[in-house]
Amino acid sequence: MNLDNAIHEAAKVLAGASRAAVFSGAGVSAESGIPTFRDPGGVWDRLNPAEVGDTQGLLASLEKNPEKLVAMFMELLAVFDAAIPNPGHRALFDLERMGILQAVITQNIDNLHQEAGNTQVIEMHGNGFRFRCLKCRSRRSHERHALIGRVKERLSTLPDFSPASIFAAMPDCDLCGSGMRPDVVMFGETVMEVENAFAAARSCDVMLALGTSGVVTPAAQIPAEAKASGAKVIVINPNENGFARVCDIYISMKTGQALPRIVEQVKKIRSGS
């Protein structure tokens, strides 16, 4: 099936849907300028997520070479600060407004789905702009740009980059006064909202797998769960189809290119034009 036909078929499927769900990965955020682990020459080539992705590794790296780690972190902050929702994000909001999309299940922590307007977002890896109390487990969300500005200011005024100094710069809980940490999943930690994600997959009539390779489990099982429950599975990824076993329609394009075209055709189909 060529790309034009695949886009038309995807539009026909979505035009008849009322409970579609999205499963999005790093490829969607990459189109907003946020590098993936695979991007050559990016920050992750110098900041190995396998070394700093868990709590113990992060602490060890801070002890060993704090200046390098903080410099890389500041670079990442600049990347997240500059990112904006791309046409793919905005197309998903269009699908929600049309009553087609019921949930976005995402592995991304950048808050861009919410900023584009989607209201039902299930974050399996957490949110980088939300903090969780280490004691009472309460959560507090922050506006992305304001939080990045405060973090950069605090880091620039620290007496040193020791773990104690850095963690002392974290916000305190409004409820109990204890320390807080970013509400994200580190390597080795339990993925969040698994039950909600799989429930959304089981209840959807169409599953859109966007910009994800289907490698990381248990999240990678979500499209298969949707397929087993009777949903059509549409995969949009320019690099590979990691869900070939369950895929009904594959579109080898970037989501920011494919989704606006699909949504445009959905509108025409629904209007009868």
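Backbone N, Cα and C define each Cβ position, glycine as well.
Quantities reported herein were computed from a predicted structural model and do not represent experimental measurements.
Within 10 Å of the C-beta of His125 (active site, proton acceptor) we count 20 further C-beta atoms, all protein chains included. Per Swiss-Prot, active site, proton acceptor is recorded for His125, and the stated evidence type is sequence analysis.
In three-state terms derived from DSSP, Ser29 (NAD(+) binding site) belongs to a helical segment. The feature NAD(+) binding site is assigned by Swiss-Prot to 25-44, 107-110, 211-213, 237-239, Thr255.
For Cys133, Cys136, Cys173, Cys176, the entry in Swiss-Prot reads Zn(2+) binding site, with the evidence type sequence analysis. In the three-state DSSP classification, Cys133 (Zn(2+) binding site) falls within a strand. Cβ contacts within 10 Å of Cys133 (Zn(2+) binding site), excluding its own Cβ and spanning all protein chains shown: 21.
Swiss-Prot lists 1-269 with the feature domain 'Deacetylase sirtuin-type'.
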CB-centroid shell, 8 A cutoff, Zn(2+) site Cys133, Cys136, Cys173, Cys176, site residues removed
Leu134, Lys135, Arg137, Ser138, Asp174, Leu175, Gly177, Ser178, Met180
Comparing the Cα of Cys176 (Zn(2+) binding site) with the Cα atoms of the recorded positions Gln107, His125, Gly211, Pro238, the shortest distance belongs to His125
